[in-house]
Amino acid sequence: MLQLFKFKGGVKPETHKAPSLQAPIAKAPLPEQLIVPLHQSIGGVPQPLVEVGQHVLKGQRIGAADQWVSAAVHAPTSGTVIAVEPRLAAHPSGLTTASVVIAPDGREEWIDRQPVDYHTLAPERLREHLRDAGVVGLGGAVFPSHAKLSAAKSVPMEELVINGAECEPFMTCDDLLMRERAEEIVRGITVFRDLLEPRKVLIGIEDNKPEALQSMREAVARLGVDFTVTAVPTRYPAGGAKQLIRVLTGKEVPASRRSPEMGVQCFNVATAYTAWRALAFGEPVISRIVTLTGNVETPRNWETLLGTPLGEFIRLGAPKPDTDRYLMGGPMMGFEMPGLEAPLVKASNCIIAGSPALFPPPAPEMPCIRCGACAEACPHELQPFELYWFSRARNFGKTQEYNLFDCIECGCCSYVCPSHIPLVQYFRFAKSEIWARERDKNQADAAKSRFEFRNERDEREKAEKAERLARAAAAKATEKPAAEKPAATVPAEETPPANAPVDADAAKKAAIAAAMERARLQREAAQVKNTDNLSTEQREEIARIDARRARAPAHQAVEQTDVAPPPAQEQ
Amino acid sequence: MLTAILIMALGAVVLGAALGFASIKFKTEGNPLVEKIEAILPQTQCGQCGFAGCKPYAEAIAAGEADINRCPPGGQEGVAKLADLLGREITPLDAEEKPKQLAIIDEHTCIGCTLCIQACPVDAIVGAAKQMHTVVSALCTGCELCVKPCPVECIRMEVIGESLETWKWRYPIFEIKRAS
Amino acid sequence: MTFTTPPYLTQDVSVRRIMLHVLAALVPAIAVYVALIGPAVLVQLGIATLVALLGEAAMLKLRDKPLALFLGDGSAVVTAWLVALAFPPLAPWWLITVGTLFAIVIAKHLYGGLGQNPFNPAMIAFAVCIVAYPSLMSQWPPVDAGNGIGEQLALIFGQAPRLDAMSGATPLDALKTALKGADSGLTVASVLDNRAVFGHVGGKGWEWVSLAYLVGGLWMWQRKIIGGQVSAAFLAGMALIATALWLLHPDQFANPLFHLVSGGTMLGAFFIVTDPVSGCTTPRGKLIFGFAAGLLAYIIRVFGGYPDGVAFAVLLLNICAPLIDHSTQPAIFGMKK
Amino acid sequence: MTHYLFLIVGAVLVNNVVLVRILGLCPFMGVSKKLETALGMGAATTFVLTLATGASYVIDHFLLIPFELDYLRTISFIVTIAAIVQLTEMVIQKTSPVLHQVLGIYLPLITTNCAVLGVPLLNVANKHNFVESLLFGAGSAVGFSLVLVLFAGIRERIDGADVPPPFRGVAIALVTAGLMSLAFMGFAGLDKYQ
């Protein structure tokens, strides 16, 4: 028997899981339209690979990962691309995000699926394969999985933790997946194990899911692998990656470190499942299991195509008339979907129909009385009331002193707060303000260095010009005697007193030099300035602008050059 | 009376000597404060404070010659930070606070005069004489210095909108009054 | 656009519920107190509650805050009851009015109201009044004075000479006065032998009030309204120094049990130092806060110039609380050694 | 020995120079917004005050009293203190420019800080000998630093409180100082026991 550890804090809200566990997973029907956001994972925004009007096949890559931490997206079904444009995102902000809209043709025509034997692939190829199949963490964090599949160089990988805890109330998608498809999950875990080579593989499942535990144990036994399937005590947020790692291994991963540095890595069961599907069947991630529950007539888990609009999805569960909102994710950490047009994405593990009866409106926020209930509930042992005090006063420096960034936003503190303070909201606010400040600061630093560079260049140019003027003057002076001799008889003003000629000459020379300078600049100016030190994106932007300008009516520019003042006039 | 004068004079001499010695021994140069102040300023180099760039303004603040509330891009928050650093009282910003902006050149109107290129303090405008110019948006600080020099008024300032990447969680405001 | 915020699940907790628990926990002590002294206690409680609610309402109105929400949270009533229980039961009506107003207006609302006061309001009220009106604040009626309700009301509302009826003092004061009495040569034991004043352990009758506070406190602890660490540390601090000195000089210092049940010890341990707003909040901070407060309370009541030291000890620790909290921050997840 | 102990306890707590004698309020209000600056100011004042009590004792006993110049006492103390402060300022400017900037005007103000002048004069009035003078000076300085740091801790917290607008800033700080003073009255009588 594995020795289990405890994490401090946590809460035990009512689980509400039973309703959606009554029926097995069902396949959701094909929606009328699929809206596939290109950016569905942490990391870089994939570039679109398709154009409007193009016909795509089911599983065809429509967005390519643009850097290492990024994952591809695929067409969930065959059909025609009818738009590539910003659409409402499944995000609390209500903002839009670049999406590919596909009108399905109903034929569900697959691309040529190529199963691969992962043993024959080099680890690097295997990771690329997973990236291009769009495998990301399906627990909700959607971090590209391939980027987590390398052990730290200096620390041997000791434990691979597989997260089947599913601690959020209402949510049952992992539970049913483990009950029904345990074998494929275990096979997926084998892939992860072979890549990471840990000493132990620990599968943690909350003890309120006996069927899932049973099914996973059987699958492990059937496949003859030495994975340990362990029941962990049911307590929110036992399914948080850091909490589960703590419970199973006793290791605590702080915000400042990555888990491989401590010899441990954690994946969700659904991630292992999709990884296996991607390798053994050549199927990229185009669907996921989504729990539809809450205030609906028929709560159930649906295998749903990514990109299905929320409005079409909820019809499957027949929401009751008093439903006033839809939450994506669990009731502890989820958010309210901004509209029925927003699509389901890789992170959509659960949709909860809410009603005023189910989720009563929040009680008015009272002042904090520092009772410390939040500190007791915080699984990261923070002092939420101190964080709140300083977040509220916008004293962000202090919030960081109190380890704001170790907060995992699990919501335990808000849940227990007798003053009904939306603590997590304050922390998110403080975090995004700090991030914004960081961005501003970086921009300011860049601007400063560019400004200084420009000043330096100005100085240099000025110095160079002065030097040129001086040289020109010297050259003139040597020429002068020859030029002056024939003019010796002209009136006196041509030969002014001793030191005056220098001034007059200098002025004349300067005028000439300036004219030459103008001419030189005119010549030079045909060359584009300021193009060194540009990043790739900036070059791309310039390229795009050039292309646009090429299309712009050429005569306009020509006409208007007449009005132009002399170029490069300095002083 | 004489002793009194003598003793006071003696004291003055001794203390004066000690101070004179100290002033040589503990001589300080430069002012590291300027850097700290400059780090707070937004580096738009816009000159709206009346100084030619952020550094001169920082120097003026450090020397006590300028108020801390003269930087509109830094906003009221910048004032608060400066007040915090310098232990001064927070004063209201001496200008209107504006949202962050970006300069946009209307490429159909641009005549390629390069005046804006010369005006840009951070080299964020690219282009050549008699050819259209454009703003590299990632580098633009929104200082508006390029707007005035343009002879054909083809540069406008646009407020930068939010994207999913720059979106911020809002300050939680609950209408306690309405709720009660 | 407005945002709803997770968690969407809620549980039945509220400030109001906490405050009502505190009030309920005070009821047994009030009952014993009334039985000992008479209805004067209830009159004082009534005055304090009324004044506190009026003061709170006025301040909320001035500060443009929602009246119903904050008046209903019960915090003003808790403050009022604590003030009334800390003051002498036969003090004139205006004294408790001044004290309560000071607590509500200055100690609480000038700092922003509920949850933001750095000092315990009830203790501020007590300290202000004992400094300003030391004699009135030190007149405690003997438990068996046998004043009728009419007489008590007359005393409170100032229509009777405040002389003989008020001759009593708290047992603590009586002990100190007796010991300090010029060359009395009395020992603690001989003084305490006077059962008429000192009863069995801590002053006649008062031990029962203390016991009732203890019962209320334990009930709150059992209901998880208070954590118990601060109270335990406070009692430990006081018991420790009392025991040490008593063992050294049993003639000069009373036994620890006497100190634990007399004066404001029990009230302070379960209803004053447990105030989370003005106290410490970190686990170690709570222990330091309670222990130091117990120690200081003993030192002030025995060596200082006031009959009891709980109020001043708590206020002094209130001053230190932010710094104690600051320097006793617990290690967070993943940062422990 | 107990005599010295009582002297120190008296100077630090019972007759706290700020909260009971109400001396030195200027730096107390001015440099208590942040903990770090309060610590710096406390250290600077402790240094100056201890030095000043020693120096003024020497001047008083070896210069002023032998030559019967007690009528010059105040002015010679002020001059001595001014010189010591100037010295401290130079040292701080050299060693910690930020602290120097933060202490700003308050550092030169130690010169006219009534606490720094008051303590040597109290020493004279109480007829303290040299050791007593030094202890009293150091005790007073520690008391000053202590309440300054505690006050800064409270002010950092009040900074986030929803204080009614008319009372924000110095007003609520003064109220707080008053209440702290009230709490310190609890120490009354401790130095007179038996």
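Every residue, even glycine, has its Cβ placed from backbone N, Cα and C.
Note that the structure is predicted; figures quoted are calculated from it, not measured.
If you look up TrEMBL, you'll see B:CYS46, B:CYS49, B:CYS54, B:CYS71 marked as [4Fe-4S] cluster 1 binding site. In three-state terms derived from DSSP, B:CYS71 ([4Fe-4S] cluster 1 binding site) belongs to neither a helical nor a strand segment and is classed as coil. Counting only residues at least six positions away in the same chain, the Cβ atoms of B:LEU41, B:PRO42, B:GLN48, B:CYS49, B:TYR57, B:GLY78, B:VAL79, B:LEU93 sit under 8 Å from the Cβ of B:CYS71 ([4Fe-4S] cluster 1 binding site).
Annotation comment: TrEMBL describes B:CYS110, B:CYS113, B:CYS116, B:CYS150 as [4Fe-4S] cluster 2 binding site. Counted within 10 Å of its Cβ, the other Cβ atoms near B:CYS116 ([4Fe-4S] cluster 2 binding site) come to 24, all protein chains included.
Residues or ranges marked as [4Fe-4S] cluster 3 binding site by TrEMBL: B:CYS120, B:CYS140, B:CYS143, B:CYS146. In this view, B:CYS146 ([4Fe-4S] cluster 3 binding site) is surrounded by 23 other Cβ atoms within 10 Å of its Cβ, with every protein chain counted. According to DSSP, B:CYS146 ([4Fe-4S] cluster 3 binding site) is assigned to coil rather than to any helix or strand.
Among the features that TrEMBL reports, domain '4Fe-4S' is placed at B:29-88.
For the domain '4Fe-4S ferredoxin-type' (B:101-130), the residues of the chain that approach it from at least six positions outside its boundaries are 44-46, 53, 136-137, 139-160, judged by C-beta separation under 8 angstroms. Sequence annotations record features per position, and here TrEMBL assigns domain '4Fe-4S ferredoxin-type' to B:101-130 (among others).
Among the features that TrEMBL reports, domain '4Fe-4S ferredoxin-type' is placed at B:131-160 (among others). Tertiary proximity for the domain '4Fe-4S ferredoxin-type' (B:131-160) is limited to same-chain residues at least six positions away from its ends with a CB under 8 Å from its CB atoms, namely 42-48, 73, 99-107, 109-125.
The helix, strand and coil residue counts that DSSP assigns across the region 'Hydrophobic' (B:1-23) are 22 helix, 0 strand, 1 coil. Annotation source TrEMBL lists region 'Hydrophobic' at B:1-23.
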Next item on the list: Counting Cβ neighbours within 10 Å across all chains shown, tell me which of the binding-site residues B:CYS54, B:CYS143 comes out on top.
Entry: B:CYS54
Next item on the list: Could you state the whole-number distance in Å separating the C-alpha atoms of B:CYS143 ([4Fe-4S] cluster 3 binding site) and B:CYS150 ([4Fe-4S] cluster 2 binding site)?
Entry: 14
Checklist line | Secondary structure composition of the domain '4Fe-4S ferredoxin-type' (B:101-130) [DSSP: H/G/I, E/B, coil] | finding: 5 helix, 7 strand, 18 coil
Check: Listing them in sequence order, which of the binding-site residues B:CYS110, B:CYS113, B:CYS116, B:CYS140, B:CYS150 have their Cα within 10 Å of that of B:CYS46 ([4Fe-4S] cluster 1 binding site)?
Finding: none
Check: If you draw a 10 Å sphere around the Cβ of B:CYS46 ([4Fe-4S] cluster 1 binding site), how many other Cβ atoms fall inside it, taking every protein chain shown into account?
Finding: 18
Note to self: Using a 10 Å radius around each Cβ and all protein chains in view, which of these binding-site residues has the most neighbours: B:CYS110, B:CYS120?
What the structure shows: B:CYS120
Notebook entry, point to check: For B:CYS116 ([4Fe-4S] cluster 2 binding site) and B:CYS54 ([4Fe-4S] cluster 1 binding site), what Cα-Cα distance in Å is obtained after rounding to a whole number?
Noted result: 20
Next item on the list: List only the single closest residue to B:CYS54 ([4Fe-4S] cluster 1 binding site), chosen from the binding-site residues B:CYS110, B:CYS120, B:CYS146, B:CYS150 by CA-CA distance.
Entry: B:CYS120
Check: In the predicted model, what is the mean pLDDT computed over the domain '4Fe-4S' (B:29-88)?
Finding: 82
Note to self: For the C-alpha pair, I'd like the distance in angstrom between B:CYS110 ([4Fe-4S] cluster 2 binding site) and B:CYS146 ([4Fe-4S] cluster 3 binding site), rounded off.
What the structure shows: 13
